[in-house]
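The structure appears right after this line, and notes come after that.
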Amino acid sequence: MFAKNLLFRFPKCIRINGYNNMRRSLLQRNGFQAGICRKFGTATKTDVWKGRFLPIVSGVAAASLTAGYLLGKNTSNASSSQDNDHPVVGEHVHTETQSYNEPYMQRHRIEDAIEKKMTSETQPSTDEKGRKVSATENSAPKKTDKEKSSGETAGNILREQIATGKDDDEYARKFEEVEEESSEESAFNPDTGEINWDCPCLGGMAHGPCGEEFKAAFSCFVYSKSEPKGMECLDKFQAMQACFQKHPEIYQDMVGESEEEDAETNEKPSTTSDENNQPQSPPSDNASNPEEDVMNMEKEIVNLTPMSVIKEI
């Protein structure tokens with residue numbers, strides 16, 4: 001009966017596996033619970049779920065992933081647009097710090113610019129220094145030469161006028177031309193009546209070893225009111241000339257001119273014995289000697305006095 005029930009219950013397994021397999025499965029107690037057919041197996045709930053619901057679940061998962069990707073992409077685009085309109089978290093801290101430090105940074109930038117400008121102004125380049133020095137060296141001799149040439153020209157004109165005794169428009173025109181060419185500073189101020197002893201036109205003669213003698217003779221001639229002018233200053237000019245002769249290394253030009261004039265005045269034609277025997281001329285003929293002394297003194301004054309001072313006097 002028991003065997004009959006087995007055959008009725010498992011007819012398919014007997015036909016497939018044979019009698020030996022049925023016998024072996026009967027000997028195993030767990031065969032009734034786990035199922036006798038191990039090769040093909042029997043339909044269970046797991047197999048049914050896998051066969052029916054697995055494709056559905058896979059489709060739902062794929063759809064959810066696709067939807068999540070699209071939703072995340074839209075969310076990222078929206079957040080990027082919001083970032084452009086609104087600062088990110090912590091940006092306000094950076095902005096406040098920058099606005100706090102900006103005045104100090106601006107002050108430092110201004111100080112650096114001022115310091116750089118002052119350095120460039122106080123320290124000119126080497127080329128500029130060289131150009132300034134060369135311009136100064138070149139301009140000084142030109143001015144000195146011009147003053148010397150104008151003084152010599154004025155002296156020559158006045159000496160010629162004194163020698164010839166003429167006073168016409170020609171000499172006035174020459175004086176005007178010399179005055180235009182001369183740019184030397186005036187030593188005598190007629191408004192205040194003072195003499196500038198530091199004037200370059202005096203050639204530094206007021207400060208040399210014979211400066212006191214020169215000042216005495218020059219001031220006497222300037223303030224003289226006698227006719228002819230400077231008649232009372234003859235002794236002072238002679239003292240000045242004697243001082244010049246004591247220092248020939250400094251006043252070589254002045255001593256040379258005075259010696260030439262003395263030699264010219266001392267040269268006189270030799271007289272014959274007949275002339276020596278002749279009686280001397282009356283005293284009235286020798287009355288011209290003081291005038292000759294005055295002429296010589298005026299020539300000496302002209303040689304020592306600049307043109308600008310002579311014209312003002």
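Any Cβ shown, glycine's included, is placed from N, Cα and C.
Swiss-Prot annotations:
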type     : residues      : note
TRANSIT  : 1-61          : transit peptide
TOPO_DOM : 74-313        : topological domain 'Mitochondrial intermembrane'
REGION   : 116-169       : region 'Disordered'
COMPBIAS : 140-150       : compositional bias 'Basic and acidic residues'
DISULFID : Cys199-Cys201 : disulfide bond
DOMAIN   : 207-251       : domain 'CHCH'
MOTIF    : 210-220       : motif 'Cx9C motif 1'
DISULFID : Cys210-Cys243 : disulfide bond
DISULFID : Cys220-Cys233 : disulfide bond
MOTIF    : 233-243       : motif 'Cx9C motif 2'
REGION   : 255-313       : region 'Disordered'
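For Cys243 (disulfide bond), applying a Cβ distance below 8 Å and a minimum sequence separation of six or more within one chain yields Pro209, Cys210, Glu213.
Taking CA atoms as the reference points, Cys201 (disulfide bond) and Cys220 (disulfide bond) are 18 Å apart.
It is 18 Å from the Cα atom of Cys220 (disulfide bond) to that of Cys199 (disulfide bond). In the motif 'Cx9C motif 2' (233-243), helix, strand and coil residues by DSSP number 11 helix, 0 strand, 0 coil.
The 10 Å shell around the Cβ of Cys233 (disulfide bond) contains 22 further Cβ atoms across the protein chains shown. Here Cys233 (disulfide bond) is positioned 22 angstrom away from Cys199 (disulfide bond), judged by their C-alpha atoms.
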